[in-house]
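Below you will find the structure I want to go over with you.
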Amino acid sequence: MKLSRMTFTKLLALVAIVLCSFASTSRASPLDPERYLLVEAEPRAQLEDYRLNDDVWPTHYDIEIKPYLEAETGKQAFTFDGNTKITVKTEKQGVAQIKLHIARMEITSWSVVRKSDNNVVQTLTEIYDAETEVLTIPLASGVTLQANTEYLLSFTYIGNMDDDMHGFYRSYYLLNGEKVWLGSTQFEQTHARRAFPCFDEPRFKATFQLKINHKTPQYSVYSNTPIVIASPSESGRTLTTFGITPSMSSYLVAFIVAPYEINQREQMGILARPQAQNQTQYSLDEGIKLLKALDDWIDYPYSSVPEMPRMYMAAVPDFSAGAMENWGLLTYREANILYRSDDSTSLQQQRIATVISHEIAHQWFGDLLTCEWWDVTWLNEGFARYCEYFATALVEPSWELEHQFVVEQVQSAMQMDSLITTHPMTHPVYTQAQASAIFDNISYNKGAVVLRMMEHFMTPSTFLTALRAYVKENAYKSVRPAHLFDALNRYNPNARMYMEPWTVQPGYPLVTVTSNDNGFTITQKRFLVNEPTHTDATMWPLPLTYATNANEFSNTTPTFVMTASYNIPMADASNVQYFILNKQQVGYYRVNYDAALWGKISNALHSEDFGGIHVLNRAQLVDDLFNLARGDIVPYGTALDILEYLKHETEYAPWLAAVNGLTTLSRRIHAEDEELFTIHILDIFAKAYDTVKFQAPSPTERRVFTYMRQNVLKWACNYGHEACSKAAVAEFERFYANPSVKVHPDLRQVVYCEGIRKGTQAHFEFLWNQYLTSNMATEQILILQGMGCASTYELISIMMDAIASEHVRSQDKSNAYTYIINNQYTLPHVSRYLQLNHAIWAAGHGSYLSVASAFNNLLARLKSDSERDTISAFIETNKNTLGQAAYDSIKNGLTEYETNKQFTMRNRDEISTFLKKKANGGAGAVFANVSMIVSLLVLVVCRW
Ligand SMILES: *[C@@H]1O[C@H](CO)[C@@H](O)[C@H](O)[C@H]1NC(C)=O
Ligand SMILES: *[C@@H]1O[C@H](CO)[C@@H](O)[C@H](O)[C@H]1NC(C)=O
Ligand SMILES: [Zn+2]
């Protein structure tokens, strides 16, 4: 197949399809920004109105769903008939109304009866608030519910299978070029109410019994529990009844109607489209191992919940999140569960194992015991993220996940948490948008980091004992942080005092160490990267550990210090080899040192074996130096001088910290200093490149070494390393000539990227054709990464058209776009494309807000005032087309651009002095070699 620009008629057809499919739910056009406004500016109702009160509680739901995946007489395609009966009761006197949630459904009839005798309860007209999605059923004047009496709420309704990956939604896969439709669910956080009326808050636990009336034999059905009975209902349909679930939250209900097949063994089954069955073996084997490991670790076997005799994990082609922990029916993006060793990278394999571990961990932390409300989402997600690393490590000890955790979780949590806009882990939320927004790096990463901090404080075995008690005591209940603290405190009376402040205060401290004659003085102050002179006086209980030589890094049990200033006495303080605080970065804070101490650390890093400094503390030093420089605490010149040690670094964790820091820095390097920066990059990566070499992983190398190679090759090739580029292009040409012999998966990213960057349109079309014909989601992602390296306007516009088209699924669009703009040289081309084709982009993504977000992501990387001016002129000319929300959003993006530019201007001298000194000094030879490549790379004119 050959790719062409989408014609205008095709585009119109696409818009028409989108319009038709929404006609039943909403009259809003797909381009109406309101419809897709995910993050509302202002809640439109009183905050309390978004919450249900606790007058009436559900105890059981009987739900019957009859989906129409194609139109039938009197039935539109992608709708379903629903019938839901909810048993409720109240313990209060005088309850005169019932409130619950519904969304995007049309109720055809409803009633309230007393269960014991079917007596109808007289009610008034129902009231629906479309903003809060709360349905209020007022009882007739003078009528109240009897306390402790069961009532039955019955609803008959028509629901919609939307294509936005929420509620009971539609998805498809291609078979011989034809779409095969299926239905799947995603209810977290507030979307169960689209499939059935419900008390859609996690604390309202109830049992559920589901029946699905579906077409047979085309479709199979799956839900949380096993099938109890399936009987023919009418011609061509079957009514399938599932077992009653345990008492659980509405957001954990799930069902799938799809022509799937199953690969199963023991108590585990992997569900996938038939053509992907030969990609399911790994997740089946790994899933079985992970479930066993977690069963033992938590000491509360999954199957001890009687309703859950088996676990199903399903691969869904369209999926909004990465995966979802529905009790007994876990759902995943295909790329997070389908694997083949000959087609997926080592990192993709690790991603699959860790995502499975995350979702299995949720079967306890989330499903069995559930956060009471989304303000304490971290009680679900912090534990699941923790298990992603530490439970997977039980099964894959050679992957060094404990080390990866530090850079990927501790350091990335600190990024968001160093902004004034951050929030505490426990944080009030009310609206649907707020409930969705708290699923961020604070709930996940920081949640996991604080748990690890407590584990090291209490010791791993005591921590585990306390967690086991917490799980047993709170099974089938909803939990608040106090439940966790109570359990921890029973095993260590200081646990709550030390832990709680980290969960209720925003941010984290910068700890400053100064040496004196009798020891080291330690002070703390909140770290806010953009406000170095702030006066925020928040204090944290600080877990202190330190090392002064190679032998002292292993014991990570801290002493907590609760004072603003603290002195660590040490008789021969001035004679230590170095002083490093926060061993293995267990404590969640950054450290700054006085000049003398930084000098000692620098000497150690530049000496044999890095002076014995632990690899995780090297990663910590790298991340701290980049960020302390950014935050105006350490001069860039000093930071970059110390970081010269990276030339000799050969471990993954410090390198990963380095590429994160360098990515941010590269976006703030003055455009005229980019040649110098390139010399610097090629110089510090030179030895690492020679260490990893451009080659497939050897069977015996450490797993993290393979990951390190991927990073090093990517940076080397991106910055024009000649040998890297040559090797990558040669391998791409080889593949182009003989596609039946594939590129080694762990080299694909760099080979595809460099092959496309240096290649012709024919190469581009060749790889795109591989994308279209690939049966593997992981491979499609690698190809999108490669295609993002295209370097001409023509190819970049084809790519942008493809992203706007159906060929790139909604779930992949924003990543695919990021792959393009991560290459600086694409920015003017992308900007031009968006200005010319904003209508295509808006239609393909559903609204003009996506045009705004595309411009804003571009502006965050841009270094050209003239390009900024074109964007600014464009939004003024097209204000009406963009709409107010998109216009305002890009205006903000333009302000951000100015802020970034000021940052660059303020720091330029320090950085360029360092880069020039380096280019003129020791690195002269490098300069001669790379100057030619560099001048080729600098493609864009008039940048600042
Ligand atoms: C996996 O199955 C698909 C569809 O049945 C088939 O096209 C493909 O060649 C298989 N892959 C391998 C490596 O066997
Ligand atoms: C959140 O953390 C992930 C790693 O878990 C990181 O890739 C991402 O950039 C972080 N996001 C923000 C906004 O800091
Ligand atoms: Zn999760």
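The backbone N, Cα and C atoms fix where each Cβ goes, glycine too.
Please treat TrEMBL annotations as automatic predictions, because they have not gone through curation.
Checked TrEMBL, it gives:
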type	residues	note
ACT_SITE	GLU359	active site, proton acceptor
BINDING	HIS358, HIS362, GLU381	Zn(2+) binding site
DOMAIN	58-252	domain 'Aminopeptidase N-like N-terminal'
DOMAIN	282-502	domain 'Peptidase M1 membrane alanine aminopeptidase'
SIGNAL	1-28	signal peptide
SITE	TYR444	site 'Transition state stabilizer'
TRANSMEM	922-942	transmembrane segment
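Each of the listed features needs to be described in terms of its position in the shown structure.
Under the DSSP three-state reduction, GLU359 (active site, proton acceptor) is assigned to helix.
Residue environment of GLU381 (Zn(2+) binding site) contains 27 other Cβ atoms, counted within 10 Å of its Cβ in all protein chains.
Secondary structure at TYR444 (site 'Transition state stabilizer'), taken from DSSP and collapsed to helix, strand or coil, is helix.
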If we count other C-beta atoms within 10 Å, could you say which of the binding-site residues HIS358, HIS362 has the fewest?
HIS362
For TYR444 (site 'Transition state stabilizer'), which residues in the same chain are close in space, meaning a Cβ under 8 Å from its Cβ, but six or more apart along the sequence?
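Spatial neighbours, sequence-distant, of TYR444 (site 'Transition state stabilizer'): TRP378, GLU381, GLY382, ALA384, ARG385.
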Using a 10 Å radius around its CB, how many other CB atoms surround GLU359 (active site, proton acceptor)?
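By my count, 28.
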Taking the center of the Cβ atoms of HIS358, HIS362, GLU381 at the recorded Zn(2+) site, which other residues in this chain have a Cβ no more than 8 Å from that point?
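Output for this site, in sequence order: GLU325, GLU359, ALA361, PHE365, GLY366, ASN380, PHE383, ALA384, ARG385, CYS387, GLU388, TYR444.
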Given the model, what does the mean pLDDT over the domain 'Aminopeptidase N-like N-terminal' (58-252) come out as?
97
